[in-house]
Amino acid sequence: MLISSIITICLLICVQSQYITLPPLPYNYDALEPILSEKIMRLHHLKHHQTYTTKVNTAIESIINETTDKDLIKLMKSDINTILTNLNQIPQPYRQTLRNNGGGYINHKLFWHLMTKPTYINETIIEPQPDGILLNEINNKFQSFTKFKEQFTNNAINLFGSGWTWLMVNVSTKELAINSTANQDSLIMENKYHVPILGIDVWEHAYYLTYENRRNEYVDNWFKIINWPYVQELYMDAIGQHIDL
């Protein structure tokens, strides 16, 4: 009976400590093959994304246990996006931890949905493209989809070290832009009005098992599994946001 009670208490503590949870992939681990292998996806999701999740929960729990500041406790119990847009309010010993791991958490949570299983015609993978309002806006901003792809690809290939390349919407102007962030930084850390709608992870753990040092090949193949309908949903949500003046 005593052992059962101890287990119950431990389970309750564990549940309470999970301020964020590792989201499941929206497809099977082998769904993106041959572009991204099952082994890469398992490692990326179950190891890297899980590590970011665990470290965020540990940091939040530690801050809550160490402070009597009601405003800080309230912030720590809010959603992770709110925390990341208020990093200046985080105690210094935990600020970088939440920046790195919180950014890694939300970047990857988005990243999984930006990809979809490849489409074949006569055993050849067909590269999807956007359409509708999003394609029109890409054409207006970058002159053509081809030129957008060139700019996005060049940014991703030439980004020094580890980081992300993004297609974002500035919700205050409704304009598209290509941007990049270092390490696991999120765009919302720089400006809460910068909303990512497409992003590629160019950390080596995202591709090295298959592509080794050939980042250019990884980026080129990644365009074959972009989930453009989802990107368009994000775009429509972003341009529909209202800005408080």
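If you go along the chain as it appears here, the first residue is 1 and each next one adds 1.
Glycine is no exception: its Cβ is also placed from the backbone N, Cα and C atoms.
Residues or ranges marked as signal peptide in TrEMBL: 1-17.
What TrEMBL lists as domain 'Manganese/iron superoxide dismutase N-terminal' is 21-115.
A sphere of 10 angstroms centred on the C-beta of Asp201 (Mn(2+) binding site) encloses 23 other C-beta atoms. The Mn(2+) binding site feature in TrEMBL is assigned to His44, His108, Asp201, His205.
Residues or ranges marked as domain 'Manganese/iron superoxide dismutase C-terminal' by TrEMBL: 131-233.
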Task: Starting from the Cβ centroid of His44, His108, Asp201, His205, which together make up the recorded Mn(2+) site, report each further residue of the same chain whose Cβ lies within 8 Å of that point, ordered by sequence.
output: His45, His48, His49, Phe111, Trp203, Ala206
Message: Just to verify: the residue among His44, His108, His205 with the fewest other Cβ atoms within 10 Å, which of the binding-site residues is it?
response: His205
